[in-house]
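Input: a single structure, listed below in structure tokens.
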């Protein structure tokens with residue numbers, strides 16, 4: 001009897017006979033008519049006894065005086081010997097007293113079928129049996145990370161607000177919604193975040209925002225928008241950053257967090273967008289706060305003719321975590337009101353101002369005052385940085401901020417026309433600054 005484990009190929013053949021024959025007749029004809037045909041090495045009876053040939057399976061039926069059926073023979077020989085045996089079957093021309101014809105239809109490679117089974121089964125094993133162990137490893141890693149983050153989190157003020165360890169010592173803070181947001185920022189090395197703990201803004205937040213440069217960093221949903229609106233009315237917020245639409249700060253990746261903080265919007269522009277009454281403060285007080293915080297830092301001072309960039313407000317922990325270097329440049333000791341160009345805008349200015357009103361869109365112009373393209377106001381700073389000298393003027397439906405002025409001066413723009421004037425510490429020389437209300 002042929003062992004299933006040693007079978008390499010299975011020979012399949014069809015048989016037809018001009019008369020009534022049965023299985024024993026077919027098997028007898030196979031053994032009888034191939035005996036001595038291929039020599040002693042390929043004698044079917046001897047091969048079956050030694051296990052090189054399997055059991056000959058015959059399925060046959062009779063109808064209308066004729067018999068038809070199939071034959072299958074397992075073989076453990078290699079391809080050449082198996083092909084010889086298959087060809088020998090087709091030499092059989094008689095079964096019992098009847099004329100017969102045998103035709104080999106195919107030779108199946110059993111090992112190929114086994115290989116296919118092995119591949120399919122290995123895939124299932126990989127998914128089903130290794131998945132559980134992988135999850136356990138991830139859970140252990142996450143538990144360790146969570147433990148470290150929980151140890152770093154502190155609670156400040158009378159309200160016991162969850163905060164990063166650097167909130168009290170830092171001159172810039174991130175105001176987020178909840179404890180989970182603080183933990184996620186700690187995960188990526190941002191240690192100057194403090195949570196408000198809901199829409200009811202506690203006094204500790206108001207006090208911190210009055211002393212530090214504060215950036216509100218909220219979820220990209222309706223709840224985040226409501227918190228921003230309340231913060232603007234009760235706290236001295238300087239910038240607003242939002243998570244991508246539909247996402248929460250606690251679930252953001254490192255890349256998404258950095259992108260959101262880089263795209264923060266000055267508070268003046270946000271207040272204009274929401275059309276709400278802001279937290280009461282004078283323009284001079286805003287500038288004084290920011291300048292005093294800058295002077296408190298032990299940084300080397302170097303003179304810069306026109307550009308006064310604003311530092312990043314997310315403190316990143318060194319060195320194994322994200323590093324954000326803050327470069328500070330000289331700021332004038334005394335606040336000076338910006339000298340705004342007092343001339344009436346030309347007619348073509350007015351046309352573009354009216355066209356952009358209420359769209360929160362910026363229009364870039366070339367040297368000949370021809371429009372280049374329109375961009376969203378939130379992307380204006382990035383577009384100017386990447387302009388490479390092609391942009392010579394901008395008209396936009398937004399607030400003219402110190403950051404935009406600095407970038408415009410750095411890129412050599414001739415004019416900057418906005419809807420409103422924000423908190424400006426210094427107007428660069430050589431650039432016309434006009435508001436649409438002039």
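Note: Cβ is positioned from N, Cα and C throughout, glycine not excepted.
Marked as Mg(2+) 1 binding site by Swiss-Prot: 177, 219. According to Swiss-Prot, the feature Mg(2+) 2 binding site maps to 219, 221, an assignment based on sequence analysis. Sequence annotations record features per position, and here Swiss-Prot assigns domain 'Toprim' to 171-245.
Counting neighbouring Cβ atoms within 10 Å of each of the binding-site residues (177, 219, 221), the lowest count belongs to 221. According to DSSP, the secondary structure content of the domain 'Toprim' (171-245) in residues is 31 helix, 19 strand, 25 coil. Of the recorded residues, residue 221 (Mg(2+) 2 binding site) and residue 177 (Mg(2+) 1 binding site) place their C-alpha atoms 12 Å from one another.
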